[in-house]
Amino acid sequence: MALLLSLSLLATTISAQQIGTPEIRPRLTTYHCTSANGCTEQNTSVVLDAATHPIHDASNPSVSCTTSNGLNPALCPDKQTCADNCVIDGITDYAAHGVETHGSRLTLTQYRNVNGALSSVSPRVYLVDESDPDEQEYRALSLLAQEFTFTVNVSALPCGMNGALYLSEMSPSGGRSALNPAGASYGTGYCDAQCYVNPWINGEGNINGYGACCNEMDIWEANSRSTGFTPHACLYEPEETEGRGVYECASEDECDSAGENDGICDKWGCGFNPYALGNTEYYGRGQGFEVDTKEPFTVVTQFLTDDGTSTGALTEIRRLYIQNGQVIENAVVSSGADSLTDSLCASTASWFDSYGGMEGMGRALGRGMVLAMSIWNDAGGYMQWLDGGDAGPCNATEGAPEFIEEHTPWTRVVFEDLKWGDIGSTFQAS
(Lines of atoms letter the chains of each structure in order from A and count residues from 1; the text may use other names and numbers.)
(Lines give C-alpha, C1' and ligand atoms only; values in the text may rest on other atoms or scores of the structure.)
Protein backbone atom coordinates (compact mmCIF):
# COMPACT_ATOMS: atom_id res chain seq x y z
CA MET A 1 0.00 0.00 0.00
CA ALA A 2 1.41 3.37 -1.01
CA LEU A 3 1.51 5.78 1.93
CA LEU A 4 1.64 9.55 2.26
CA LEU A 5 2.93 10.99 5.52
CA SER A 6 1.15 14.11 6.77
CA LEU A 7 3.69 16.03 8.80
CA SER A 8 0.93 18.25 10.12
CA LEU A 9 2.90 21.48 9.92
CA LEU A 10 -0.08 23.19 11.48
CA ALA A 11 0.89 21.56 14.75
CA THR A 12 3.83 23.93 15.04
CA THR A 13 1.60 27.00 15.01
CA ILE A 14 -1.41 25.93 17.04
CA SER A 15 -1.99 24.25 20.36
CA ALA A 16 -0.73 20.69 20.45
CA GLN A 17 -3.74 19.94 22.65
CA GLN A 18 -5.83 19.80 19.47
CA ILE A 19 -3.63 17.85 17.03
CA GLY A 20 -1.82 14.82 18.39
CA THR A 21 0.21 12.25 16.48
CA PRO A 22 0.71 12.58 12.69
CA GLU A 23 -1.59 10.98 10.14
CA ILE A 24 -0.30 8.61 7.44
CA ARG A 25 -2.80 8.69 4.59
CA PRO A 26 -2.75 6.12 1.77
CA ARG A 27 -2.18 7.48 -1.72
CA LEU A 28 -4.94 6.83 -4.23
CA THR A 29 -4.29 7.78 -7.84
CA THR A 30 -7.29 9.43 -9.51
CA TYR A 31 -7.79 11.14 -12.86
CA HIS A 32 -9.28 14.35 -14.25
CA CYS A 33 -10.22 14.08 -17.93
CA THR A 34 -10.98 16.51 -20.75
CA SER A 35 -12.09 15.90 -24.31
CA ALA A 36 -9.11 17.88 -25.59
CA ASN A 37 -6.27 16.43 -23.53
CA GLY A 38 -7.39 13.07 -22.18
CA CYS A 39 -6.91 12.03 -18.55
CA THR A 40 -4.36 13.54 -16.17
CA GLU A 41 -3.22 11.84 -12.98
CA GLN A 42 -4.21 13.66 -9.79
CA ASN A 43 -2.22 13.94 -6.56
CA THR A 44 -4.78 12.50 -4.14
CA SER A 45 -5.10 10.31 -1.07
CA VAL A 46 -7.89 9.08 1.19
CA VAL A 47 -8.52 9.87 4.83
CA LEU A 48 -10.67 7.99 7.32
CA ASP A 49 -13.57 9.81 8.94
CA ALA A 50 -12.55 11.69 12.07
CA ALA A 51 -14.78 9.51 14.25
CA THR A 52 -12.49 6.57 13.47
CA HIS A 53 -9.53 8.44 14.95
CA PRO A 54 -8.63 8.33 18.65
CA ILE A 55 -9.96 11.53 20.26
CA HIS A 56 -8.91 11.68 23.89
CA ASP A 57 -8.08 13.76 26.93
CA ALA A 58 -4.86 15.68 26.26
CA SER A 59 -3.56 14.87 29.75
CA ASN A 60 -4.71 11.24 29.85
CA PRO A 61 -4.82 9.31 26.55
CA SER A 62 -6.79 6.49 28.19
CA VAL A 63 -9.81 8.79 28.65
CA SER A 64 -11.92 9.28 25.54
CA CYS A 65 -13.60 12.57 24.70
CA THR A 66 -16.74 10.63 23.75
CA THR A 67 -18.96 8.16 25.55
CA SER A 68 -21.74 5.86 24.37
CA ASN A 69 -24.10 8.82 24.84
CA GLY A 70 -22.05 11.40 22.93
CA LEU A 71 -19.47 13.85 24.26
CA ASN A 72 -17.74 13.26 27.57
CA PRO A 73 -19.39 16.00 29.68
CA ALA A 74 -16.43 16.30 32.02
CA LEU A 75 -14.13 17.22 29.13
CA CYS A 76 -16.63 18.97 26.88
CA PRO A 77 -19.00 21.28 28.79
CA ASP A 78 -18.65 23.82 25.96
CA LYS A 79 -16.89 24.06 22.57
CA GLN A 80 -13.83 25.99 23.73
CA THR A 81 -13.17 23.78 26.75
CA CYS A 82 -13.70 20.71 24.59
CA ALA A 83 -11.10 21.94 22.08
CA ASP A 84 -8.66 22.75 24.89
CA ASN A 85 -9.09 19.34 26.52
CA CYS A 86 -9.23 17.02 23.51
CA VAL A 87 -6.60 15.70 21.13
CA ILE A 88 -7.21 13.93 17.80
CA ASP A 89 -4.48 11.43 16.97
CA GLY A 90 -3.49 10.32 13.51
CA ILE A 91 -3.93 6.83 12.09
CA THR A 92 -0.77 5.18 10.79
CA ASP A 93 -2.08 1.70 9.90
CA TYR A 94 -5.03 2.10 7.54
CA ALA A 95 -5.10 -1.63 6.78
CA ALA A 96 -6.06 -2.28 10.40
CA HIS A 97 -9.16 -0.18 9.72
CA GLY A 98 -10.11 -2.05 6.54
CA VAL A 99 -8.56 0.39 4.03
CA GLU A 100 -5.90 -0.55 1.48
CA THR A 101 -4.75 1.17 -1.69
CA HIS A 102 -2.55 0.15 -4.59
CA GLY A 103 -2.10 2.69 -7.36
CA SER A 104 -5.61 3.60 -8.47
CA ARG A 105 -7.29 0.76 -6.54
CA LEU A 106 -9.05 1.16 -3.19
CA THR A 107 -10.22 -1.87 -1.20
CA LEU A 108 -12.62 -1.43 1.73
CA THR A 109 -13.15 -4.42 4.04
CA GLN A 110 -15.97 -4.77 6.56
CA TYR A 111 -14.32 -7.19 9.01
CA ARG A 112 -10.78 -7.59 10.30
CA ASN A 113 -9.36 -10.57 12.16
CA VAL A 114 -7.95 -9.34 15.45
CA ASN A 115 -6.27 -11.99 17.60
CA GLY A 116 -8.44 -14.71 16.10
CA ALA A 117 -11.71 -12.81 16.48
CA LEU A 118 -13.58 -10.85 13.83
CA SER A 119 -14.03 -7.13 14.41
CA SER A 120 -16.34 -4.91 12.34
CA VAL A 121 -14.45 -1.83 11.12
CA SER A 122 -16.86 -0.48 8.45
CA PRO A 123 -14.55 2.24 7.08
CA ARG A 124 -15.64 5.48 5.43
CA VAL A 125 -13.02 7.56 3.62
CA TYR A 126 -12.88 10.90 1.79
CA LEU A 127 -10.77 11.97 -1.18
CA VAL A 128 -8.03 14.44 -0.22
CA ASP A 129 -6.21 16.85 -2.56
CA GLU A 130 -2.50 16.58 -1.78
CA SER A 131 -1.31 19.33 -4.15
CA ASP A 132 -0.58 21.67 -1.22
CA PRO A 133 1.70 19.78 1.20
CA ASP A 134 1.19 22.36 3.96
CA GLU A 135 -2.61 22.39 4.17
CA GLN A 136 -4.57 19.54 2.70
CA GLU A 137 -8.21 19.91 1.68
CA TYR A 138 -10.78 17.53 0.29
CA ARG A 139 -10.92 17.43 -3.49
CA ALA A 140 -14.20 19.18 -4.36
CA LEU A 141 -15.78 17.90 -7.59
CA SER A 142 -18.02 20.16 -9.69
CA LEU A 143 -19.91 17.77 -11.95
CA LEU A 144 -22.56 19.75 -13.83
CA ALA A 145 -22.33 18.79 -17.53
CA GLN A 146 -19.62 16.33 -16.46
CA GLU A 147 -19.37 12.61 -15.78
CA PHE A 148 -17.88 10.45 -13.04
CA THR A 149 -16.53 6.99 -13.85
CA PHE A 150 -15.08 4.15 -11.79
CA THR A 151 -14.56 0.40 -11.98
CA VAL A 152 -16.01 -1.66 -9.15
CA ASN A 153 -15.94 -5.25 -7.94
CA VAL A 154 -18.99 -6.08 -5.81
CA SER A 155 -18.70 -9.87 -6.09
CA ALA A 156 -17.86 -10.17 -2.36
CA LEU A 157 -20.81 -8.02 -1.24
CA PRO A 158 -23.73 -10.30 -0.27
CA CYS A 159 -27.26 -9.32 0.69
CA GLY A 160 -27.25 -6.76 3.47
CA MET A 161 -23.95 -5.12 2.52
CA ASN A 162 -23.54 -1.69 0.93
CA GLY A 163 -20.40 -0.62 -0.89
CA ALA A 164 -21.11 3.08 -1.42
CA LEU A 165 -19.55 5.88 -3.45
CA TYR A 166 -21.21 9.26 -3.09
CA LEU A 167 -20.85 13.03 -2.84
CA SER A 168 -21.35 15.25 0.22
CA GLU A 169 -21.43 19.05 0.20
CA MET A 170 -19.10 19.21 3.18
CA SER A 171 -16.54 21.98 3.48
CA PRO A 172 -13.36 21.26 1.46
CA SER A 173 -11.34 22.28 4.52
CA GLY A 174 -13.24 19.85 6.73
CA GLY A 175 -14.43 22.85 8.74
CA ARG A 176 -10.89 23.80 9.73
CA SER A 177 -10.97 26.59 12.34
CA ALA A 178 -9.34 27.80 15.53
CA LEU A 179 -11.28 25.09 17.38
CA ASN A 180 -10.61 22.49 14.67
CA PRO A 181 -7.07 22.93 13.30
CA ALA A 182 -6.99 19.30 12.13
CA GLY A 183 -9.63 19.75 9.43
CA ALA A 184 -9.61 17.60 6.31
CA SER A 185 -6.15 16.22 7.15
CA TYR A 186 -7.81 14.14 9.89
CA GLY A 187 -11.21 13.52 8.26
CA THR A 188 -13.41 16.12 9.98
CA GLY A 189 -16.49 17.87 8.61
CA TYR A 190 -18.78 15.06 7.48
CA CYS A 191 -22.44 15.74 6.76
CA ASP A 192 -25.19 14.27 4.59
CA ALA A 193 -28.92 14.53 3.95
CA GLN A 194 -29.75 12.19 6.84
CA CYS A 195 -28.81 14.95 9.33
CA TYR A 196 -27.32 12.54 11.85
CA VAL A 197 -26.59 13.78 15.36
CA ASN A 198 -22.94 12.98 16.11
CA PRO A 199 -20.60 14.09 18.92
CA TRP A 200 -18.69 16.37 16.55
CA ILE A 201 -19.73 18.84 13.84
CA ASN A 202 -16.89 20.19 11.71
CA GLY A 203 -14.46 18.87 14.30
CA GLU A 204 -15.99 20.91 17.13
CA GLY A 205 -17.92 19.55 20.08
CA ASN A 206 -21.63 19.24 19.24
CA ILE A 207 -22.69 20.65 22.60
CA ASN A 208 -26.30 21.33 21.61
CA GLY A 209 -26.99 18.02 19.88
CA TYR A 210 -27.57 19.47 16.42
CA GLY A 211 -27.85 17.38 13.26
CA ALA A 212 -25.17 17.69 10.56
CA CYS A 213 -27.04 18.28 7.28
CA CYS A 214 -25.95 18.89 3.71
CA ASN A 215 -26.74 17.99 0.12
CA GLU A 216 -25.90 14.40 -0.82
CA MET A 217 -25.63 12.67 -4.19
CA ASP A 218 -25.49 8.89 -3.92
CA ILE A 219 -23.75 7.89 -7.14
CA TRP A 220 -23.45 4.26 -6.10
CA GLU A 221 -25.09 2.20 -3.35
CA ALA A 222 -24.86 -1.49 -4.11
CA ASN A 223 -24.02 -5.07 -3.38
CA SER A 224 -23.92 -8.01 -5.78
CA ARG A 225 -27.72 -8.35 -5.76
CA SER A 226 -29.07 -4.82 -6.14
CA THR A 227 -28.01 -1.23 -6.86
CA GLY A 228 -29.33 2.32 -6.92
CA PHE A 229 -28.31 5.94 -7.41
CA THR A 230 -30.16 8.70 -5.57
CA PRO A 231 -29.99 12.51 -5.27
CA HIS A 232 -30.85 14.00 -1.84
CA ALA A 233 -31.25 17.79 -1.94
CA CYS A 234 -31.70 20.20 0.98
CA LEU A 235 -33.68 23.43 1.32
CA TYR A 236 -31.14 25.68 3.05
CA GLU A 237 -29.18 28.35 1.17
CA PRO A 238 -25.35 28.10 1.11
CA GLU A 239 -24.91 31.37 3.01
CA GLU A 240 -26.84 29.86 5.93
CA THR A 241 -23.86 27.59 6.63
CA GLU A 242 -21.55 30.63 6.96
CA GLY A 243 -19.04 28.92 4.67
CA ARG A 244 -18.77 25.91 6.96
CA GLY A 245 -20.41 23.39 4.61
CA VAL A 246 -22.62 21.85 7.30
CA TYR A 247 -26.14 23.12 7.99
CA GLU A 248 -26.86 22.46 11.68
CA CYS A 249 -30.50 21.47 12.14
CA ALA A 250 -31.66 22.49 15.59
CA SER A 251 -35.22 21.19 16.04
CA GLU A 252 -36.95 17.83 15.71
CA ASP A 253 -39.00 19.18 12.81
CA GLU A 254 -36.01 20.61 10.96
CA CYS A 255 -33.96 17.46 11.54
CA ASP A 256 -36.98 15.24 10.71
CA SER A 257 -36.37 13.19 13.83
CA ALA A 258 -39.58 11.24 13.22
CA GLY A 259 -38.34 10.05 9.82
CA GLU A 260 -41.33 11.39 7.88
CA ASN A 261 -39.15 13.12 5.24
CA ASP A 262 -40.42 16.61 6.01
CA GLY A 263 -37.26 18.22 7.41
CA ILE A 264 -34.62 20.48 5.91
CA CYS A 265 -33.19 17.69 3.70
CA ASP A 266 -34.74 15.03 1.49
CA LYS A 267 -33.78 11.91 3.42
CA TRP A 268 -35.59 9.57 1.03
CA GLY A 269 -34.49 11.12 -2.25
CA CYS A 270 -35.50 9.93 -5.70
CA GLY A 271 -33.73 6.71 -6.53
CA PHE A 272 -33.09 4.69 -9.68
CA ASN A 273 -32.98 1.03 -8.63
CA PRO A 274 -33.68 -1.18 -11.69
CA TYR A 275 -35.20 -3.98 -9.58
CA ALA A 276 -37.46 -1.63 -7.62
CA LEU A 277 -38.61 0.02 -10.84
CA GLY A 278 -39.59 -3.25 -12.48
CA ASN A 279 -36.51 -4.60 -14.29
CA THR A 280 -35.55 -7.59 -12.16
CA GLU A 281 -33.27 -9.24 -14.73
CA TYR A 282 -30.86 -6.37 -15.35
CA TYR A 283 -28.37 -6.52 -12.45
CA GLY A 284 -27.22 -9.57 -10.50
CA ARG A 285 -24.92 -12.53 -10.09
CA GLY A 286 -24.30 -14.51 -13.27
CA GLN A 287 -24.36 -14.27 -17.04
CA GLY A 288 -28.15 -14.28 -17.11
CA PHE A 289 -28.09 -10.62 -16.07
CA GLU A 290 -27.13 -7.74 -18.35
CA VAL A 291 -24.66 -6.57 -15.69
CA ASP A 292 -22.97 -9.63 -14.17
CA THR A 293 -21.87 -8.74 -10.65
CA LYS A 294 -19.67 -11.81 -10.32
CA GLU A 295 -17.16 -9.90 -12.46
CA PRO A 296 -15.81 -6.32 -12.27
CA PHE A 297 -17.49 -3.64 -14.38
CA THR A 298 -17.22 0.09 -15.00
CA VAL A 299 -19.90 2.57 -13.92
CA VAL A 300 -20.40 5.88 -15.76
CA THR A 301 -22.71 8.54 -14.29
CA GLN A 302 -23.44 11.64 -16.37
CA PHE A 303 -24.94 14.86 -14.99
CA LEU A 304 -26.67 16.51 -17.96
CA THR A 305 -27.85 20.13 -18.02
CA ASP A 306 -30.51 21.95 -20.01
CA ASP A 307 -27.95 23.80 -22.14
CA GLY A 308 -25.02 21.40 -22.03
CA THR A 309 -22.86 23.75 -19.96
CA SER A 310 -21.58 23.75 -16.40
CA THR A 311 -23.75 26.80 -15.64
CA GLY A 312 -26.99 25.22 -16.84
CA ALA A 313 -29.70 23.55 -14.76
CA LEU A 314 -29.42 19.82 -14.03
CA THR A 315 -32.17 17.99 -15.95
CA GLU A 316 -31.04 14.37 -16.10
CA ILE A 317 -28.74 11.88 -14.39
CA ARG A 318 -27.78 9.17 -16.89
CA ARG A 319 -26.07 5.84 -16.20
CA LEU A 320 -23.96 3.58 -18.42
CA TYR A 321 -22.11 0.37 -17.62
CA ILE A 322 -19.10 -1.16 -19.36
CA GLN A 323 -18.24 -4.83 -18.98
CA ASN A 324 -15.87 -6.94 -21.10
CA GLY A 325 -15.26 -3.91 -23.31
CA GLN A 326 -18.93 -3.45 -24.19
CA VAL A 327 -21.13 -0.49 -23.27
CA ILE A 328 -24.34 -1.57 -21.55
CA GLU A 329 -27.08 1.02 -21.69
CA ASN A 330 -28.92 1.66 -18.43
CA ALA A 331 -31.92 -0.46 -17.53
CA VAL A 332 -35.22 0.41 -19.13
CA VAL A 333 -37.76 0.15 -16.33
CA SER A 334 -41.49 -0.55 -16.37
CA SER A 335 -42.38 3.12 -16.94
CA GLY A 336 -40.19 3.21 -20.05
CA ALA A 337 -37.61 5.47 -18.38
CA ASP A 338 -33.90 4.72 -18.51
CA SER A 339 -32.51 7.70 -16.57
CA LEU A 340 -33.32 9.86 -13.57
CA THR A 341 -35.38 12.96 -14.42
CA ASP A 342 -37.98 15.17 -12.76
CA SER A 343 -40.60 13.36 -14.84
CA LEU A 344 -39.68 9.94 -13.44
CA CYS A 345 -39.41 11.33 -9.90
CA ALA A 346 -42.87 12.88 -10.16
CA SER A 347 -44.28 9.37 -10.50
CA THR A 348 -42.02 7.53 -8.05
CA ALA A 349 -41.02 10.14 -5.42
CA SER A 350 -43.64 12.90 -5.26
CA TRP A 351 -41.78 14.73 -2.46
CA PHE A 352 -38.66 15.21 -4.61
CA ASP A 353 -39.93 18.35 -6.32
CA SER A 354 -40.62 20.09 -3.00
CA TYR A 355 -36.88 19.86 -2.26
CA GLY A 356 -35.97 21.56 -5.54
CA GLY A 357 -35.94 18.53 -7.81
CA MET A 358 -33.09 18.04 -10.24
CA GLU A 359 -32.31 21.74 -10.31
CA GLY A 360 -31.88 21.81 -6.53
CA MET A 361 -29.46 18.89 -6.62
CA GLY A 362 -27.68 20.50 -9.55
CA ARG A 363 -26.93 23.69 -7.64
CA ALA A 364 -24.94 21.67 -5.10
CA LEU A 365 -23.15 19.74 -7.85
CA GLY A 366 -22.21 23.05 -9.46
CA ARG A 367 -20.76 24.46 -6.23
CA GLY A 368 -18.62 21.35 -5.71
CA MET A 369 -19.01 18.27 -3.53
CA VAL A 370 -16.61 15.96 -1.69
CA LEU A 371 -16.21 12.30 -2.65
CA ALA A 372 -16.87 9.71 0.06
CA MET A 373 -16.55 5.92 -0.15
CA SER A 374 -17.68 3.41 2.44
CA ILE A 375 -18.66 -0.16 3.25
CA TRP A 376 -21.32 -0.94 5.85
CA ASN A 377 -24.17 -3.16 6.92
CA ASP A 378 -27.40 -2.42 8.70
CA ALA A 379 -28.24 -3.92 12.10
CA GLY A 380 -31.61 -2.17 12.20
CA GLY A 381 -33.13 -2.88 8.80
CA TYR A 382 -30.75 -5.45 7.25
CA MET A 383 -30.41 -3.16 4.16
CA GLN A 384 -33.86 -4.24 2.97
CA TRP A 385 -34.45 -0.77 1.50
CA LEU A 386 -31.67 -1.55 -1.00
CA ASP A 387 -31.99 -5.25 -1.76
CA GLY A 388 -35.13 -6.79 -0.21
CA GLY A 389 -38.88 -6.74 -0.73
CA ASP A 390 -39.72 -4.63 -3.78
CA ALA A 391 -36.12 -3.34 -3.93
CA GLY A 392 -34.29 -6.61 -4.57
CA PRO A 393 -34.20 -10.41 -4.36
CA CYS A 394 -32.81 -10.79 -0.82
CA ASN A 395 -34.94 -12.42 1.85
CA ALA A 396 -35.89 -10.78 5.13
CA THR A 397 -33.03 -12.16 7.25
CA GLU A 398 -29.93 -12.88 5.12
CA GLY A 399 -28.85 -9.24 5.41
CA ALA A 400 -28.44 -9.48 9.19
CA PRO A 401 -24.87 -8.51 10.17
CA GLU A 402 -24.44 -11.67 12.24
CA PHE A 403 -25.44 -13.79 9.21
CA ILE A 404 -22.98 -11.90 7.00
CA GLU A 405 -20.20 -12.26 9.56
CA GLU A 406 -20.77 -16.02 9.78
CA HIS A 407 -21.14 -16.75 6.06
CA THR A 408 -19.12 -13.99 4.30
CA PRO A 409 -16.54 -12.67 6.78
CA TRP A 410 -14.28 -11.63 3.86
CA THR A 411 -16.89 -9.22 2.47
CA ARG A 412 -15.30 -6.22 0.75
CA VAL A 413 -15.67 -3.77 -2.13
CA VAL A 414 -13.00 -2.67 -4.60
CA PHE A 415 -13.15 0.73 -6.34
CA GLU A 416 -10.61 1.44 -9.07
CA ASP A 417 -9.72 4.04 -11.73
CA LEU A 418 -11.78 6.96 -10.40
CA LYS A 419 -12.13 9.52 -13.20
CA TRP A 420 -14.16 12.69 -13.69
CA GLY A 421 -14.42 15.23 -16.48
CA ASP A 422 -16.07 16.11 -19.78
CA ILE A 423 -18.91 13.95 -21.05
CA GLY A 424 -17.44 11.03 -22.99
CA SER A 425 -13.85 11.67 -21.88
CA THR A 426 -13.54 9.20 -19.01
CA PHE A 427 -14.07 5.86 -20.76
CA GLN A 428 -13.39 3.96 -23.95
CA ALA A 429 -15.46 1.02 -25.14
CA SER A 430 -16.99 -0.41 -28.26
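Glycine too: its Cβ is placed from the backbone N, Cα and C atoms.
Annotated features, as they stand in Swiss-Prot:
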ACT_SITE  GLU216  active site, nucleophile
ACT_SITE  GLU221  active site, proton donor
CARBOHYD  ASN43  N-linked glycosylation site
CARBOHYD  ASN153  N-linked glycosylation site
CARBOHYD  ASN395  N-linked glycosylation site
SIGNAL    1-16  signal peptide
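Feature annotations (Swiss-Prot) mapped to structure.
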{"residue": "ASN43", "record": "N-linked glycosylation site", "contacts (Cβ under 8 Å, 6+ apart)": "ASP129, GLU130, SER131"}
{"residue": "ASN153", "record": "N-linked glycosylation site", "contacts (Cβ under 8 Å, 6+ apart)": "GLU295, PRO296, VAL413, VAL414, GLU416"}
{"residue": "GLU216", "record": "active site, nucleophile", "contacts (Cβ under 8 Å, 6+ apart)": "TYR166, LEU167, SER168, GLU169, ASP192, ALA193, GLN194, PRO231, HIS232, CYS265, GLY269"}
{"residue": "GLU221", "record": "active site, proton donor", "contacts (Cβ under 8 Å, 6+ apart)": "ASN162, ALA164, TYR166, THR227, GLY228, PHE229, THR230, LEU386"}
{"residue": "ASN395", "record": "N-linked glycosylation site", "contacts (Cβ under 8 Å, 6+ apart)": "CYS159, GLY388"}
